[in-house]
Amino acid sequence: TGGTGGSWGALGAWVPILHWGGAVQFLAVGDWGGVPDPPFATPREVATAAAMGRAATDLGADFVLALGDNFYYKGVRDEWDPRFQETFERVFTAPGLRELPWFVLAGNHDHAGNVTAQLAYSRHSPRWHFPHYYYSLRLSLPGTNASARLLVLDTVLLCGGGDDFGAGGAPRGPQDAEAAAAQLAWLRGRLAAARHDRYVLVAGHYPVWSVAEHGPTACLVQLLRPLLRRHRVTAYLCGHDHNLQFLEEGGVGYVVSGAGNFVEESQQHGGAVPPGALRFFFGAPASPGGFAHLRLDAHAATVTFLEATGRVLYRVALPPRDL
């Protein structure tokens, strides 16, 4: 992968990216997947989609990163499932979003259905890019010779299934230990190969750290956290808990953006994260939802959390890696 203005996925096509003012910018939204009954989208999803369109226009965006639980509650049946239209194509229609590519990963609710159908849907929609369960994107920072790396994981294959809303609880270990080990080996190799990238972002559905209902994912604290620290990863982005959070621990930023469809205020795992790690939490039950905007330029990786009202809730600038 090389050149400017786009990237290959692991098995994906070159995606041209229009850069805004010397930066790579994107929107990160998780747990946005509507409902399985008419009208198949919640008022929060609709409000969040509209606000994402405004943010793309006003702040700038080159793509959307979808952090899983794309279709509640049991994913999709096949690549022709009407949910692709009802919960995705017909909801994210704002002018600022229409031309943007989406890079997608799977959450536990997607794995309750047919994830290979979500991969296959990449052939049906010019907006939907889901080349493999896990994949790598190289992002060129315009006006510099610097690059950033986005590594997209499948944390359900890595850690196992669980469920939201009480039933099922925490991930119970991978169904296929060999596949989990292969993904981890791939990640180790990609992180080693990214040593000259100015920023490295890793994304998955389950959190490493979270103070909310699900809390930290023990499997990821054990397997992923040491790699994030060792390779000086800029930030780990996730969903699963239905709120917005920013935590910082060991030089790594942890972005939870799971407020695309539900908003929950519980901080029942506040004692389960390292002392002082939590910097920001938003889960007001009356809120119309929210998402994160990321801007990578020569000087900083800036994370802005936005409510669907357009209100800026929190902003933090993460430094480039010491290369």
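Placement of Cβ uses the backbone N, Cα and C atoms for every residue, glycine included.
Sequence annotations record features per position, and here TrEMBL assigns Fe cation 1 binding site to ASP31, ASP69, TYR72, HIS242. The Fe cation 2 binding site annotation in TrEMBL covers ASP69, ASN108, HIS205, HIS240. The disulfide bond annotation in TrEMBL covers CYS159-CYS219. The feature domain 'Calcineurin-like phosphoesterase' is assigned by TrEMBL to 26-243. TrEMBL lists ASN114 with the feature N-linked glycosylation site. Residues or ranges marked as signal peptide by TrEMBL: 1-23.
Within 10 Å of the Cβ of TYR72 (Fe cation 1 binding site) there are 25 other Cβ atoms, across all protein chains. When the recorded positions ASN108, ASN114, CYS159, HIS205, HIS240 are compared by Cα distance to TYR72 (Fe cation 1 binding site), the shortest distance belongs to ASN108. Ranking the disulfide-bonded residues CYS159, CYS219 by how many other Cβ atoms lie within 10 angstroms of each Cβ puts CYS219 at the bottom. Geometry remark: the residue listed as 'N-linked glycosylation site' versus ASN108 (Fe cation 2 binding site), CA distance 11 Å.
Packing around HIS242 (Fe cation 1 binding site) is summarised by its Cβ count: 26 other Cβ atoms lie within 10 angstroms of its Cβ, all protein chains included. Annotation: ASN108 carries the greatest number of neighbouring Cβ atoms among the recorded positions ASN108, ASN114 [cut-off 10 Å, Cβ to Cβ]. Rounded to the nearest whole angstrom, the C-alpha distance between ASN108 (Fe cation 2 binding site) and ASP69 (Fe cation 1 binding site) is 6. Between the alpha carbons (Cα) of CYS159 (disulfide bond) and HIS205 (Fe cation 2 binding site) lies a span of roughly 11 Å. Across the structure, HIS205 (Fe cation 2 binding site) and HIS242 (Fe cation 1 binding site) place their CA atoms 11 angstrom apart.
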